[in-house]
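What TrEMBL says about this one:
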{"type": "BINDING", "residues": "W17, E19, N21, E30", "note": "Ca(2+) binding site"}
{"type": "BINDING", "residues": "H78, H204, H208", "note": "Zn(2+) binding site"}
{"type": "TRANSMEM", "residues": "31-49", "note": "transmembrane segment"}
{"type": "TRANSMEM", "residues": "61-81", "note": "transmembrane segment"}
{"type": "TRANSMEM", "residues": "118-135", "note": "transmembrane segment"}
{"type": "TRANSMEM", "residues": "172-190", "note": "transmembrane segment"}
{"type": "TRANSMEM", "residues": "205-225", "note": "transmembrane segment"}
Amino acid sequence: MAEAISSFWGPVTSAEWCEKNYVYSSYIAEFFNTVSIIPGILLALIGLINALRQRFEKRFSVLHISNMILAIGSMLYHATLQRMQQQGDETPMVWEMLLYFYILYSPDWHYRSVMPTFLFLYGAAFAIFHALVRFEIGFKVHYVILCLLCVPRMYKYYIYTKDASAKRLAKLYLATISTGSLCWLFDRLFCNNISQWYLNPEGHALWHVLMGFNSYFANTFLMFWRAQQLGWNPKVAHFMGFFPYVKIQKPKTQ
């Protein structure tokens, strides 16, 4: 859907979405798809501050930082619609899922050094392969498989969680990813019809907003569960009466 107007970044070389290009600025190809990522960055920053302030394990600080890196890469992709920037969005998506896989499964993994080594090599190999080969459908299938591999452990954590507030986080995680996926599919499958509407609902931009909250809810739920595993007496508190976060009380010996 490239428009015949001047653009700072030149011809489109990446996959496009249903938003018209360069409507509001010659520097931003897809305006709404770009700015809709900002809430996700802010939420990841809130999560990072909480993880550092309460001295959670470093894995959670890395997780929040990876959320921000992914969001920035996605912003660059939608702002430029260039193939290199698209890879800068898609490769961190896979790396982030590998990090989620590690956080979910590492507590019960008997060979502690094997998992991080394998996941690191897998992520590096994928980055090289993805830089050399362009595979849009294959990438989506691969990413969905990685997401599905995380589902059984998330479900296990949910059913073994007794705290109602923590369970609510898991339900919000499920609600946002389900609604966001519908927005993504609607935008992708019905673009030809949507393009004729007077007002585009910007389904992909809604996906960005919902996935920003989705990552925050997932991270917060995992922080609660991990703190519970470590005996840190976690509780779900709320910042400004809205943003949930995990408040812990470590034993004095720690």
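Heads up, the Cβ atoms here are built off N, Cα and C, so glycines get one too.
This view paints the features noted in TrEMBL onto the structure.
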residue : record              : Cβ neighbours (10 Å)
W17     : Ca(2+) binding site : 23
E19     : Ca(2+) binding site : 24
N21     : Ca(2+) binding site : 20
E30     : Ca(2+) binding site : 26
H78     : Zn(2+) binding site : 29
H204    : Zn(2+) binding site : 23
H208    : Zn(2+) binding site : 25
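Note: the Zn(2+) site is recorded as H78, H204, H208; in the same chain, W17, E19, E30, F32, N33, T34, S36, I37, S74, A205, W207 also have Cβ atoms within 8 Å of that site's Cβ centroid. Non-local neighbours of the transmembrane segment (61-81) in the same chain are 2, 9, 12-14, 16-17, 21, 27-30, 33-34, 37-38, 40-41, 43-45, 47-48, 51-52, 88-89, 91-93, 95-96, 99-100, 103, 208, 212, 215, 219, 222; each lies 6+ residues outside the stretch with a CB under 8 Å from one of its CB atoms. Checking each of the binding-site residues H78, H204, H208 against E30 (Ca(2+) binding site) by C-alpha distance, the shortest gap belongs to H78. When the Cα atoms are compared, H208 (Zn(2+) binding site) and N21 (Ca(2+) binding site) turn out to be 17 Å apart.
When the alpha carbons of E19 (Ca(2+) binding site) and H78 (Zn(2+) binding site) are compared, the span between them is 10 angstrom.
Of the recorded residues, H78 (Zn(2+) binding site) and N21 (Ca(2+) binding site) place their C-alpha atoms 10 Å from one another. Cα-Cα distance from N21 (Ca(2+) binding site) to H204 (Zn(2+) binding site): 14 Å (rounded to the nearest whole number).
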